[in-house]
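Record features (TrEMBL):
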- 92-116: transmembrane segment (TRANSMEM)
- 161-181: transmembrane segment (TRANSMEM)
- 193-212: transmembrane segment (TRANSMEM)
- 218-237: transmembrane segment (TRANSMEM)
- 278-298: transmembrane segment (TRANSMEM)
- 481-500: transmembrane segment (TRANSMEM)
- 506-526: transmembrane segment (TRANSMEM)
Amino acid sequence: MSSRGLAFSGGGIRSAALCSGVLRYVLQHEVSLDYLSCVSGGGFTGAAYLDWKYRHNQQDSPEWHQKFFNRLRKRCGFICSWRNPFVGIIDAVMLILLCVVVAIILPALTMSAFAFPTAFVVDYLFGDILRMGFQCPTSSARTNITEDQGCALVESQDETFTLFGVLFACTVGFYLLKLLLHPCHSSIRSKLKLLYFCSFCLLLMTFLPWFFEVFLRVHTSVYVNGFVLLGSVALWLGFPPLRNMASLALLVYAYAYITKWRVYKSPVLLINYTEDGFYRALLGSAILLWTGPFLGMVKMAAVQTYNRWRLQKAFFSPESTGCLGCAGISVNDIIPFCSCADATEWERLDKGFVTLGDLVGMKPEYLCNTVVNNWQKDPNGSSSNDAAFELLTLSPTGIERLDENPDEFSSFAGKIQPRDLKLSDVMATSAAALALYMGVYDVKAERVRNLQMVLGVHSGKSLISDPNRDVAGSTISCCRFLPVIIQLFIVVPVILPPFLSDDWHVMVVAWYLTVLVLVLVISALSTGRTNGGYLDKFVRWCVVNIYHVRFMRLFLQTVDHGPVPRLSST
């Protein structure tokens, strides 16, 4: 006898409403279903139906069907419901606070962490060249510099333009080489992309501070300066070809002005430069660097967890939602120190929520479709226009790629299991409408992708496919404190400059640059091959445990090749 299945498509709450009508028709006519495949908005209806059915002894009944569909209809405004004005005000306040924290406060903290260390390094390496042609106050006078005492332009020097020319030539050269190289040479292209990125950043952090100092401070008034800056920002935001880079432009502007503040000791936003003030800001950057991984994890998981909570509270059965609809949601979802819990935790009898593994043997079988970003199975079968993602199917019987051959060895065998995934979490992950990659719509979404990345306004779930192994293949429990030690190693060179003499600054700069280069190199290395050796395992461990490596891989769009991704952003 052939199997019968039903597919619910995506489209947010509108798709959920349409699919609920189809489901009502199927249930009223007692049509037997073997499979229920859902994605995005269709998963609202599909996952909620299976949750209600599980809570009613896995049996269909017109009585609870009526309650289920009434609940769907009454709670269709799940994000902000105004049926009760008091509840609507609370929902609106929470939504606004979430947007402010995720899109403004946390990005401002995490992105500003590297600003002052970058200014310190640029000043140490290129400060003398950038100040050629300027008359600057002596070191003894830097503790209280006024606007009139800042560096004054005398005449331009050839050494400064030579520096700009060399960096510009390197940037263009590496970029052209990357374009000319065939896409099948992904490893070489990733290295060229890294070199291009580094040279371009150096060019921006040297030329823009010099340009702002010469043309926006020396030759123009404060009002003209502000007009030029606001006009350039409006150009980035309003001109369509430049809009997709608007967020990065604003970030570069901020870094360039902080670097100018350090190199030329001139006021920025009416804030006069002092050595004590700069070093206090440097210590503040050290604190932000230390807390950066925690802030980054909160920023990454906040939208996903909030969306999951609202969906679960609105559509799932009362037995599965618990108090305030928070059943199954914990601090671990906001700050996921470990994405999967131990097996004993999942085996407790009264856990209050339904996992994907609980639905084994229940008809219809639930199939959730989602996307794993920055992962390709075949390292040689991609072209420059192919999106780097794989389609993944999550079901109570297993997790597999959509194109996986049943005769092949399962990619996730012995790794993450359906019992590790909560049903509400799977539903929200499939409904991640703000995902960084959107399949065939990726080109249309490219305009906002960089803005999403920098601000952290995106939804999705990070899962460790094999959480029980570390870099050496032994249990990961022995390495739980190693990320904290590594994070301290990253922060130390930012803490030391205020307490050391100028003679020791060379060691601090070398330390900082070494850490930065290591992060960039590890971020550019692809992983996922079956026999990658210890280097592959080491890179995977860094991706899972070091936030700065994970962020730079996202920024550089580094793709994992092979049958299994160690860390997947679905």
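The first residue you see is number 1, and the count goes up from there.
Using the three backbone atoms N, Cα and C, a Cβ is placed for every residue, glycine included.
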- Message: For the transmembrane segment (161-181), give me same-chain residues lying six or more residues beyond its boundaries with a C-beta closer than 8 angstroms to one of its C-beta atoms, as numbers and ranges.
- Response: 126, 129-130, 188-189, 192-193, 195-196, 199-200, 202-203, 206-207, 210
- Item | Closest-packing stretch to the transmembrane segment (92-116), where packing means Cβ pairs under 8 Å, from 193-212, 278-298, 481-500, 506-526 | 278-298
- Test the contact criterion for the transmembrane segment (278-298) and the transmembrane segment (193-212): 3 or more CB pairs under 8 Å, pairs 6 or more apart in sequence, then answer yes or no. no
- Task: Using a Cβ-Cβ cut-off of under 8 Å, list the residues of the same chain that are 6+ residues beyond the ends of the transmembrane segment (481-500) and lie near it.
- Result: 116-117, 120, 279-280, 282-283, 285-286, 289-290, 293, 508-509, 511-512, 515, 545-546, 548
